[in-house]
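Enquirer: I'd like to ask some things about the structure below.
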Amino acid sequence: MDFSLLRNIISRYCVGEENWVDSRTVYIGHKEPPPGAEAYIPQRYPDNRIVSSKYTFWNFIPKNLFEQFRRIANFYFLVIFLVQLIIDTPTSPVTSGLPLFFVITVTAIKQGYEDWLRHKADCSINECPVDVVQQGKVVRTQSHKLRVGDIVMVREDETFPCDLILLSSSRHDGTCYVTTTSLDGESSHKTYYAVPDTMAFRTEQETCYHLSLFDFCRPLGAENLLLRGATLKNTQRIYAVAVYTGMETKMALNYQSKSQKRSAVEKSMNAFLIVYLCILISKWSPDRDEPWYNHRTENERQRHVVIRAFTDFLAFMVLFNYIIPVSMYVTVEMQKFLGSYFITWDEEMFDEELGEGAQVNTSDLNEELGQVEYVFTDKTGTLTENNMEFIECCVDGNVYIPHAICNGQILSAASSIDMIDSSPGGYRRVSVFSMSKREKHSLDLFFRALCLCHTVQVKEEETVDGIKRGIHQGRPTSFYISSSPDEVALVEGMKSYFKKAGEFKLLHVLNFDSVRRRMSVIVKSSSGEYLLFCKGADSSIFPRVVSGKVEQVKARVEQNAVEGLRTLCVAYRRLSESEYEEACHHLTEAKLALQDREQRLAQAYDIIERDFVLLGATAVEDRLQEKAADTIESLHKAGMKVWVLTGDKMETAAATCYASKLFRRSTQILELTKKRTEEQSLHDVLFELNRTVLRQHCLDFGLIIDGATLSAVLKPNQEGAGHGNYREIFLEICRNCSAVLCCRMAPLQKAQIVKLIKASKEHPITLAIGDGANDVSMILEAHVGIGIMGKEGRQAARNSDYAIPKFKHLKKMLLVHGHYYYIRIAELVQYFFYKNVCFIFPQFLYQFFCGFSQQPLYDTAYLTLYNISFTSLPILLYSLVEQHVTVETLKREPSLYRDIAKNSLLRWPVFLYWTCLGVFDAVIFFFGAYFLFDNTTFTSNGQMFGNWTFGTLVFTVLVFTVTLKLALDTHHWTWINHFVIWGSLLFYVIFSLLWGGIIWPFLNYQRMYYVFMQMLSSGPAWLSIILLITVSLLPDVIKKVLCRAICPTATERAQVGLGTNSTVKLNL
């Protein structure tokens, strides 16, 4: 069998196309080549093992260490640790090695655990049982043992273990029905066809026997290919041959194309880190004078000048290296990982119907939820429910409303085929007995077309994505399944109002495709008459109609589209026997073509589908999701721009945008569509729209663009001078529009739009949300991707960073969780740099008083435990539970989101303020202690304080100040806040007492013995600690009071308002 055409089909949608050969020859059942055949070189194919894990047992340690030391901070501290081991440095290697070991170990455990989960998932997949046909018998084996060429038997509701070619089916027509939910997100049932030469084989014995006797050459297409991950439905069993296995399957190739996303906060952290690294390097000067106490001869000074300078440089690097907080990275990772559970635990984001809540697939982007500037959303299934309901039909210009509803009232005694005529003459009850013969005939043909022209199947109880269907009052009932929810709605409508359509024989199905945008069937009636029924989009049906009430139907279709209804037109054609035979000839010839098979089929369809008689049109409603309009309005108030990207027609999508309040009645709509560019050149239209938005910038503009015009705008090589800046002009127009609707969009174009906005000069943070497989590309492209657990399958939810049950939950996800996450992590990052400046700058000042001898100010234990134990837990807890305003306030006032937009809390002015505050506090610590103890350096027994007592005093003031600074910044107090903050201070005191109060046998020196207790026995020490803490905290308190009084932010005004309201409630 030659699979070259099949490979082209697959590679067109898969990454890594260049790695594949043009064709592959597969011998079914590993049959030997026939005698006299060309020289056959066996090809080596991979086994069916799926590997999604990063590590193995053998390479985990070296590979993980390599990845961790690619981080600048980790590599830097590794160098510092090695320097401490090699040369004589003022601090112990433990001071750098222990924090680094802690960070590396915690990160390795986290990544190892995540990879272990991936290994478990891989093993469960690779060890799944599979039925393989060998020598006429079915043998059960494990999935990873499958090889290319094996004949596989798959039963109903089983998943295909690899990419297969369908050989035969238990159905007599050689078809099978498949759901591709896990592959492309569609839970609808699709039809696939067996190879005609093998479709008659019903058993494993027949399959093996006949395939061993016959050779055949048959063109293959996508309708013969069963992809790994799809599930067999409504078919007892099939026999198929494995053609692509393991990491060569389409599913595996698609999963390999994901890219790593990085948040804006992480980029800011790296920038700040580089600044502090430069500050660290600048603290050393190679031209300094020799210390006064170092009485060396001139020859000794000149000897090895370069080496001495280099070692001094390294020694100072070691002494001041704590300005770069290595523990910040592990704290940030813990905050993201633990903080993500608050989304999962949120009961308001739990959906009773689905029985599921929000899911977090990527915790690295939590804070990015608070920085979104552009929201790109799908329409069907995202803004709407994707629950189609048959609303009306228009037959020969007369409009009929089902369910016997007139002006919102349900009419009684409606028979099964009674409809309501809502034509312009007024509403009136129409009975089948009162219709004219012509009306009856037209209505009968219209109903027959809807009953016959579809791909709907009947199915009993089944489970799709964990949701049971086909259960009514505890008993199984039949229900309809199809590749399109519109078809199900139409057939269900016809079931209620057209009980018997007669007997027809289905001869051919001309399947729907996105190019033709229509489908047809050829049937034969019991009287021997051949009929061709067709339904599709109005743009694909009207040009092929030769008779019928086109104008009346067209007017009704346009009116329904404006009201947001999904419309389809229905037409038919009677075929003579010769015309039918000619159609059969065209179809057979195209299906058997070895080359250009798809183009030949398209040409055959084009020849057959013409000269129609228009019967009418249908209207199906996809209702707006609950609170979708309120969510979009809140996002607008929060300063976000919302774009709707949909494949629907412009009128339908625009009506949905008005209903969802994306467009208001006061919005001035600008159109950039194919219809307008046909009247004017694209260049003129763009410049005209640009002039309009710039001249009238005070108005509220909304833009509508279609896929064809977007392709022209994004076309890389425009002809003519001055035509190369279409993208910039288009972006300028979009910046001045409050909302944008992109209709008739292909999935790839959705991703292109997101990429275009991401790459604009402002570099805004983008969010994409959708529920179907056609939204996966833009979800992966956006900074933050959110999938909705909708009715179009779970592929969008699986490929997203976050998944929510309904669109309305996006409001709380961004305005509450996103707001909190950003506030918390911004404070965490700035606080870490602040407390490390407070920590290391006194050490720098101390060098001026110790002759630059590299003498440390703090004890080794304090150097090691400062970031690990004394100050780590309070900021970690703050970053998990802090709420500067209440949840209700954030939901009630979406404009508070604007206060944190554009990374406002991690900008350079804020960073410089925190750094200067740290320098100020460090100066107060050091010189305050220095001057206060200048004349009071004796205890009550006359003993003098030493340098370790001085360093311990500075360190005590430091620990208390930075902890109390965090306490002052805390707005939301709970018992755990009190326990951690005051407990950390208590732990420091107890540790210092134990560290200096016991002679530890494992220490070579005991320089801290009795130092802390001696310091606390002095009254001036207590006074200086309290005074220095107060002076250090005072400027920040004064600054906050003045800012709140003079120019308060919206958040600060909300805090004051909340406090006032609380007081009133207490008084009441």
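The chain as shown is numbered from 1 upward.
Glycine is no exception: its Cβ is also placed from the backbone N, Cα and C atoms.
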Enquirer: To which of the residue ranges 827-852, 1009-1034 does TrEMBL assign the term transmembrane segment?
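Expert: The range carrying the transmembrane segment annotation in TrEMBL is 1009-1034.
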Enquirer: Quick one: which of 301-323, 945-967 does TrEMBL have down as transmembrane segment?
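Expert: Result: 945-967 is the stretch TrEMBL calls transmembrane segment.
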Enquirer: Checking the recorded positions Asp378, Asp771, Asp775, which are within 10 Å of Arg744 (ATP binding site) at the Cα level?
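Expert: Passing the 10 Å Cα cut: none.
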Enquirer: Could you give the residue numbers and ranges of same-chain residues that sit at least 6 residues beyond the transmembrane segment (979-1003) on either side and whose C-beta is under 8 angstroms from one of its C-beta atoms?
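Expert: Residues 859, 861, 865, 869-871, 873-874, 877, 952, 956, 959-960, 963, 966-967, 970, 1009-1013.
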Enquirer: Whole-number Å only: compute the distance from the Cα of Asn774 (ATP binding site) to the Cα of Asp378 (active site, 4-aspartylphosphate intermediate).
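Expert: The separation of the Cα atoms works out to 9 Å.
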Enquirer: I'd like to know which of the binding-site residues Phe512, Arg566, Gly647, Asp771, Asp775 sit within 10 A of Asp378 (active site, 4-aspartylphosphate intermediate) at the Cα level.
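Expert: Checking Cα-Cα distances against Asp378 (active site, 4-aspartylphosphate intermediate), the binding-site residues within 10 Å turn out to be Gly647, Asp771, Asp775.
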Enquirer: Restricting to the same chain and to residues at least six past its boundaries, which positions have a Cβ under 8 Å from a Cβ of the transmembrane segment (911-933)?
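Expert: Apart from its flanks, the transmembrane segment (911-933) reaches 272, 275, 830-831, 833-842, 845-846, 849, 945, 950, 953-954, 957-958, 961-962, 1020, 1023-1024, 1027-1028, 1031-1032, 1035-1036.
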Enquirer: Provide the number of Cβ atoms within 10 Å of the Cβ of Thr380 (ATP binding site), excluding the reference atom itself.
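Expert: A 10 Å sphere around the Cβ of Thr380 (ATP binding site) contains 26 other Cβ atoms.
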Enquirer: CB neighbours of Asp775 (Mg(2+) binding site) within 10 A?
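Expert: There are 33 such Cβ atoms around Asp775 (Mg(2+) binding site).
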Enquirer: Of the binding-site residues listed here (Thr380, Phe512, Arg566, Gly647), which is spatially closest to Asp771 (Mg(2+) binding site) when Cα positions are compared?
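Expert: Going through Thr380, Phe512, Arg566, Gly647 one by one, the closest to Asp771 (Mg(2+) binding site) is Thr380.
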Enquirer: Could you give me the DSSP helix, strand and coil counts for the domain 'P-type ATPase N-terminal' (42-96)?
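Expert: Counts, helix then strand then coil: 27 helix, 0 strand, 28 coil.
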Enquirer: What's the CA-CA gap between Gly647 (ATP binding site) and Asp775 (Mg(2+) binding site) in angstrom, rounded?
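Expert: Checking the Cα atoms of Gly647 (ATP binding site) and Asp775 (Mg(2+) binding site) gives a distance of 11 Å.
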